[in-house]
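Contents: one structure, followed by commentary.
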Amino acid sequence: MNFEGLDPGLAEYAPAMHSALDPVLDAHLNPSLLQNVELDPEGVALEALPVQESVHIMEGVYSELHSVVAEVGVPVSVSHFDLHEEMLWVGSHGGHATSFFGPALERYSSFQVNGSDDIRQIQSVENGILFLTKNNLKYMARGGLIIFDYLLDESEDMHSLLLTDSSTLLVGGLQNHILEIDLNTVQETQKYAVETPGVTIMRQTNRFFFCGHTSGKVSLRDLRTFKVEHEFDAFSGSLSDFDVHGNLLAACGFSSRLTGLACDRFLKVYDLRMMRAITPLQVHVDPAFLRFIPTYTSRLAIISQSGQCQFCEPTGLANPADIFHVNPVGPLLMTFDVSASKQALAFGDSEGCVHLWTDSPEPSFNPYSRETEFALPCLVDSLPPLDWSQDLLPLSLIPVPLTTDTLLSDWPAANSAPAPRRAPPVDAEILRTMKKVGFIGYAPNPRTRLRNQIPYRLKESDSEFDSFSQVTESPIGREEKPHLHMVSKKYRKVTIKYSKLGLEDFDFKHYNKTLFAGLEPHIPNAYCNCMIQVLYFLEPVRCLIQNHLCQKEFCLACELGFLFHMLDLSRGDPCQGSNFLRAFRTIPEASALGLILADSDEASGKGNLARLIQRWNRFILTQLHQDMQELEVPQAYRGAGGSSFCSSGDSVIGQLFSCEMENCSLCRCGSETVRASSTLLFTLSYPEGSNSDKTGKNCDFAQVLKRSICLEQNTQAWCDNCEKYQPTIQTRNIRHLPDILVINCEVNSLKEADFWRMQAEVAFKMAIKKHGGEISKNKEFALADWKELGSPEGMLMCPSIEELKNVWLPFSIRMKMTKNKGLDVCNWTDGDEMQGVTHQQWYLFNDFLIEPIDKHEAVQFDMNWKVPAILYYIKRNLNSKYNLNIKNPIEASVLLAEASLARKQRKTHTTFIPLMVNEMPHVGDLVGLDAEFVTLNEEEAELRSDGTKSTIKPSQMSVARITCVRGQGPNEGIPFIDDYISTQEQVVDYLTQYSGIKPGDLDAKISSKHLTTLKSTYLKLRFLIDIGVKFVGHGLQKDFRVINLMVPKDQVLDTVYLFHMPRKRMISLRFLAWYFLDLKIQGETHDSIEDARTALQLYRKYLELSKNGTEPESFHKVLKGLYEKGRKMDWKVPEPEGQTSPKSAAVFSSVLAL
């Protein structure tokens, strides 16, 4: 092999690496030996041409792999590598197309495209191939079937086509226009005029369309309007070929000479950034074709019609040693193409031969090719014999002719009934090794089948309705989708639009004009926001949960009480349940029940929301009941167990929700077993066969509810008397009624949904009959039919038609225990007296959207998009039964000294002095506060088309360090809280540059800091808020938001807003400290003690400059000077010559001496 033709950078390695490859090897591979050799095509038959079977190819250098004959003696007019499959397409001057599969060039298909004209261009699309001839565009399948044949005007002379997208095609030729054709409708959609006729080559990038003209010009056109943006006058004669890559355009062509046109050996290269020509590239062959082959560099392949090929860089110098010969069978090369993977080159010559050159022995034409479909041989004559004794043998092995007559096996439904297959027998090994505990047997897995593998499905319809009750989250109901139903705007999923200021400029008041507090939805697993609001508006739950406090780190009852306290203080501002959901994620039972959703599942809505909410409802009531049953009085939080509800074995949740039941099991042998149990909620049980009953049988909700509570069912159960499983009748009766009745609706399939829909229709007809007379069963009602109902006299008496639709659920129900301990349930009619109800206004809570709604809307359920999940009914005058006084369980003892979770912490590392008993804060005392955070989840953002960034989901932060310093007294400036917060969740970014938190600081095993739980520090801050102290800090709004605290505005003194002018930028703490206090802080990292103390000093400076707020005009002048200085210095603090940290100040001597 001739190593002179390789990359010059490899020349020094060539002899050592390939000593066995001598330049005088086979002449087929040595281009220098073929310069003066001519091959007579008539003297040698094409079939007798020697083709190397095994050719050694060096990686990265192109060498010939295969040659094949497409059509003997007919010149190849075009070649094209398929962009979807491993195929090479070749078109001839006789209008014939041939395809070859794989690098071995095995013939795949061959068919005639046009009877007289040559094929001028081929373009592969997903479902077929486009062929362009003189005045015809044909779309054919890869096997040769015609998909469409589009005839152009006879005067057209087309030469080029360009696929702009999957369904749009541009076709150009020697005329003065370019046609745009829609491949879906096979119609001409646009005709673009061309100032310079003769478009023979078209290319496309993400910026321009490029049109090459026969006059030698290349025009750059706008992608949308097709107007000329720029034009390059490349050659004076004609254009031969051009290609575009990156910011470079290279062209070859012909120049005008006195004797005519001559091939120009200078390639014209243009820079598309500056739209001007750069130094032309002189080559050593007569260029007819060129392509960029950007593998390692942006190199060009230049091909002459005589078969010479040269590689060079477009901005470098061409080396004569880089030339090799293709060896065409005919005198001329007619076509050239490069595969999408850049691993293969295809050449077609004037004698119908195709040459494949590759850079590896086993190349691929595309980076990701799909599998090619091959025709299968006929199997009719070689059918295998069928063994009828095998039950699982597929009968589809027998070919059956297509028929429209009824088959013998197609029995009518009246003569057939579905029957499940009998269950397979239990493995004898399982029965032998089984150990019984009661009526349950346990046995080791014999490993005869794969895990969870069964031979067949017993019930095909189990997963049929998995996606039922998924309510659409976007505006729907467009005309092109009539099967979708319009969802009212207030019911759609609400999202927060984030700007560069985060949430500060988002208008929550637009969504909530009430004084109720909404909940933000961007936190993971915030699907339970609606149920949190339900529990909050149950007055006994709201009050008594806030009285609970225990020592458990992750107690849902404690966290829910903290969240309810925030909702109490909110006054219309939205809150977030981040701490509650953080504790929720740590409970193993929640994960086991599938209640912890991944971010991807929550974003895509894969989970069945109705089932998820119902499972969460059952879980939260059970968990709160267990958490509040704790009898042990916590020692760390003295006084927390003072509630009378914590002294008994039952909890507040048990007293409110629990219902004692008697479960009776009656065997057919007469044996009866009765056992007592309790439940916190009931699940609706619908009548059997309700979906098949189309007559519209009326079932009151009270009847269905009574049947669900006093449930009676036949089931297999263990009988101690018979000592085996027997059919038993199981009945359930309740002993007393709960104060709050919770019902899971269990509408999880079309069967239950049809039942609700049917009962709503029956109730609608009965209501209309009650108010307006008989109803026709077979027609829709017109407005004239309701003329009497809509009269002014009946306006107050009769509800509107819209209020009566889709209503089956009653507003109230009457339940009582009869003398014989039975249950009596009936609907509460509208005419009955409503005792104990003080408010009649209903509200819709949709995360942070809160809106008053009409009364009837609360019980209307259009099953096409609004599906009931959980119902809560409470007793009238319930609040009078319970003591609803909220007693703050947090005492001052939480501020006293406590032990650290860190094992390695020593007293010498202490950075704070806890408050003494005589230092306890009072109302109005100042406390300097600062917090540092770490990132748990990175921000999710997208770039818009205009280059701006849009935040989809903000980063999830977690508090890592909280510092509080004394704001008055002899120890002013000394911290009394400096807690590092232990976290069990994975930290993505410690933000050390801004937080000062390092990996290991939050790990109890290796940390040397004072490490505590979030709950412990949260209680300290809650006590300070409740006692009425004023917090001084910089950017406290974000700090309290991440800590998940709601602080009254009159208790926050934020230096961000104290030193701020309206409609001006916010100023950093570092710049304020330098400008007003002459302090250089936040040198390498941030320190919360330093920041908290600096904020306190700035507040003292503010009082000094504003004369305690009495001279706002003079302070306004100070702020003007501050902003002028900031603009001059670009808000940057000058680098200190000898920086001294405030940590070294004398005020810290007592802390460091601890």
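Cβ coordinates come from backbone N, Cα and C, glycine included.
Per TrEMBL, these features apply:
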{"type": "DOMAIN", "residues": "517-876", "note": "domain 'USP'"}
{"type": "BINDING", "residues": "Asp930, Glu932, Asp1039, Asp1091", "note": "divalent metal cation binding site"}
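All features noted in TrEMBL, drawn onto the structure.
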residue	record	Cβ within 10 Å
Asp930	divalent metal cation binding site	28
Glu932	divalent metal cation binding site	26
Asp1039	divalent metal cation binding site	22
Asp1091	divalent metal cation binding site	27
- request: List, in sequence order, the residues of the same chain other than Asp930, Glu932, Asp1039, Asp1091 whose Cβ lies within 8 Å of the centroid of the Cβ atoms of the recorded divalent metal cation site.
  value: Leu929, Ala931, Arg961, Ile962, Thr963, Gly1033, His1034, Gly1035, His1086, Ser1088, Ala1092
Field: Whole-number mean of pLDDT values that fall within the domain 'USP' (517-876)
entry: 79
